[in-house]
Amino acid sequence: MRNSFISHASTATVVFLLLLLSTTCKAHLSSTFYDQNCPNGLSTIRNAIRTAVSRERRMAASLIRLHFHDCFVQGCDASILLEDGERNAVQNKGSARGYEVIDSAKAQVEKICPGVVSCADILAVAARDASVAVGGPSWSVKLGRRDSTTASSSLAEQELPRFTDGLDSLISHFATKGLSARDMVALSGSHTLGQAQCSSFRGRIYNNASDIDVGFASTRKRRCPATTGKPGDSNLAPLDLVTPNSFDNNYFKNLLQKKGLLQSDQILFSGGSTDSIVSEYSRSPATFKSDFASAMIKMGDIGPLTGSAGQIRRICSAVN
């Protein structure tokens, strides 16, 4: 009787472990996820991204930012692509861009593998391919995410960092996503690419603070009026004034010279705990690129939907 009980208990334990293993496998992301059911999917995405970036180099920055803003709200689930949701958050409205590039890549993939590749995975792959297209690092993108059926602008406004955030706030934002201060500085280095609107750096260039180079501020004031509501509000300035279209470490060199465009950029080198990381990256582009790639992989692991959760959207901007 006792042996029979042990036998039944052992059988139950084995069944439980098998079920647990099955669940774990379903939730597992893998770089080979589409090798069998869509072998040409990744090359199709790569070609679409290369084409878009060759038309407009700034698009590389936009696609990397789109992936970042997606992952920080509800996880990496393509919720940012849904209309009338996160797109309308203060941190996204009028500045997040590249939606049409993702839509185009998705349409091309749908032609060869309908209903197979998620929009969330396309966002993740697009960020990697955009980096490579402008001389940045490559990394192995883990795949198998599914797409969210919901999106919330209010949640996005809570979860996404702001350009006015202080260092402690930035570190906290990233820590809640499982990212370290070093990851945060490395990911901020994506600002080696792209541009920002006058409204996002006006406060910094006109506050006469000691953490901004006087000549740099003067130059930026020429195309950015001191008050809102005037022509020039949406004028753009490069986040990296030296090489805004190439992925390098000049962004960090700029910070050492008090030439960070956004307050959230310069705060990384302002006498705080991240100064040493900025200095290290300014000296070693190889270390920066390696850390950036590692941080992007970690970011891509934030809260993915897998298994039977979510769906595979046929059109990225709308739920099926």
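Backbone N, Cα and C define each Cβ position, glycine as well.
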Regarding the disulphide bond with Cys316, report which of Cys113, Cys119, Cys198 TrEMBL records as its partner. Cys119
From Cys38, Cys76, partner that TrEMBL gives for the disulfide involving Cys71: Cys76
Cβ neighbour count (within 10 Å, all chains shown) around Cys76 (disulfide bond): 28
For the binding-site residues listed here (Thr192, Thr243), which one has the lowest count of neighbouring CB atoms within 10 Å of its own CB? Thr243
State the Cα to Cα distance, in Å, between Cys198 (disulfide bond) and Pro161 (substrate binding site), rounded to an integer. 18
Starting from the Cβ centroid of Thr192, Asp240, Thr243, Asp248, the recorded Ca(2+) 2 site, name every other residue in that chain with its Cβ within 8 Å, sequence order please. Leu193, Val242, Pro244, Asn245, Ser246, Phe247, Asn249, Asn250, Tyr251
